[in-house]
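Annotated in Swiss-Prot:
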- ASP70, VAL73, GLY75, ASP77, SER79: Ca(2+) 1 binding site (BINDING)
- PRO169: substrate binding site (BINDING)
- HIS199: heme b binding site (BINDING)
- THR200, ASP244, THR246, GLU251: Ca(2+) 2 binding site (BINDING)
- CYS38-CYS118: disulfide bond (DISULFID)
- CYS71-CYS76: disulfide bond (DISULFID)
- CYS125-CYS321: disulfide bond (DISULFID)
- CYS206-CYS231: disulfide bond (DISULFID)
- ASN87: N-linked glycosylation site (CARBOHYD)
- ASN174: N-linked glycosylation site (CARBOHYD)
- ASN215: N-linked glycosylation site (CARBOHYD)
- 1-21: signal peptide (SIGNAL)
- ARG65: site 'Transition state stabilizer' (SITE)
Amino acid sequence: MASSSPCQIFLVFVMVTLVTSLIPSNALLTPHFYDNVCPQALPTIKSVVLHAILREKRIGASLLRLHFHDCFVNGCDGSVLLDDTPNFTGEKTALPNINSIRGFSVVDEIKAAVDKVCKGPVVSCADILATAARDSVAILGGPQFFYNVLLGRRDARTASKAAANANLPSPTFNFSQLISNFKSQGLNVKDLVALSGGHTIGFARCTTFRNRIYNETNIDPIFAASLRKTCPRNGGDNNLTPLDFTPTRVENTYYRDLLYKRGVLHSDQQLFKGQGSESDKLVQLYSKNTFAFASDFKTSLIKMGNIKPLTGRQGEIRLNCRRVR
């Protein structure tokens, strides 16, 4: 393949510089961030996400989880996407991430498509995650789950495996630990219960719920017996079970399951103990009112997406979401 001439390289540099200069440098996120610089950015992301979900419906949950795991580790900055190299340690091999987060190839696909229509690296990988999560929720849940994503994040040049290990909530957390974990991110009880509704889609590995189905009493015995068929006491760590009975639809079955002690994860069932707590009341509300769940879920997703974003001239806009420039 012929190499690029110095003139061509210079023209590309000038183009990228001009495009970058058009991007607002204020620190406020806004849904209109790309309206002028690249109006086709968001429709392009939605198109790629839609085709990815049509290929594999599970990918919607994976993209939502990526956004969550990104934001809870030093803010929504795309750090979760960075690969390990001989001189750089990313977050992908942190205990809460390994064998859990996936969908990186779809993010690569989105990045390539967006850079093509924008004629350069205009949209950050962090904004791609936030938008892909929204599109996944809206595609799998319908119009009531659509919301305007706030945009303008930039990408981190660093990552922290230690922070990922420390900051991401464990499926074995009790209620107090969950509250403390979310509070450290500026999120409250309503955010905890609403965002946990992300488990209305997706699957869990046997290793994350084995102890619950064999050793806990706060679980429907028939439900526990059904889970034991796919999750033996020994072996089968990577066997999957849906987090609720409709793992490819965003709706409120997850909350109804909690009322009957059918939460797959220990941390899920901690949200409802039938003692009249604030979280109990929210679970009861969402279990019978999908619109209330949708409204609070969207509000909390927007709030989560505002956790310590890099803006203005902080960080960078990556050429490749898997590595820094």
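Cβ coordinates are placed from backbone N, Cα and C, and glycine is handled just like the others.
Recorded features from Swiss-Prot, shown on the structure.
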residue : record                      : Cβ contacts under 8 Å, 6 or more apart
CYS38   : disulfide bond              : VAL114, VAL117, CYS118, VAL122, VAL123
VAL73   : Ca(2+) 1 binding site       : SER79, VAL80, GLU91, ALA159, SER160, ALA163, ALA164, ASN167, LEU168
ASP77   : Ca(2+) 1 binding site       : ASP70, ALA126, ARG153, ARG154, ASP155, ALA156, LYS308, PRO309, LEU310, GLY315
PRO169  : substrate binding site      : PHE72, PRO96, GLN177, LEU178, ASN181, PHE182, SER267
ASN174  : N-linked glycosylation site : HIS266, SER267, GLN270
THR200  : Ca(2+) 2 binding site       : LEU243, ASP244, THR246, ARG249, VAL250, GLU251, ASN252, THR253, TYR254
CYS321  : disulfide bond              : GLY78, LEU81, PHE104, VAL107, ASP108, LYS111, CYS125, ILE128, ASP155
Legend entry - Minimum Cα separation from CYS76 (disulfide bond), reported as the residue among recorded positions ARG65, HIS199, CYS206, CYS231 that achieves it: ARG65
Inset, instruction - Tell me the Cβ neighbour count for HIS199 (heme b binding site), meaning other Cβ atoms within 10 Å of its Cβ, over all protein chains shown. - result: 26
Legend entry - ASN87, HIS199, ASN215 filtered to the recorded positions whose C-alpha is within 10 Å of CYS206 (disulfide bond): none
Inset, instruction - Among ARG65, ASN87, HIS199, ASN215, these being the recorded positions, pick the one whose CA is nearest to that of GLY75 (Ca(2+) 1 binding site). - result: ARG65
Inset, instruction - Under 8 Å Cβ to Cβ from ARG65 (site 'Transition state stabilizer'), same chain, six or more residues apart: give me those in sequence order, or none if nothing qualifies. - result: SER100, ILE101, GLY103, GLY198, GLY202
Legend entry - Packing count at GLY75 (Ca(2+) 1 binding site) (other Cβ atoms within 10 Å of its Cβ): 19
Inset, instruction - Starting from the Cβ centroid of ASP70, VAL73, GLY75, ASP77, SER79, which together make up the recorded Ca(2+) 1 site, report each further residue of the same chain whose Cβ lies within 8 Å of that point, ordered by sequence. - result: CYS71, PHE72, ASN74, CYS76, GLY78, VAL80, GLU91, ALA126, ALA156, ALA159, LYS308
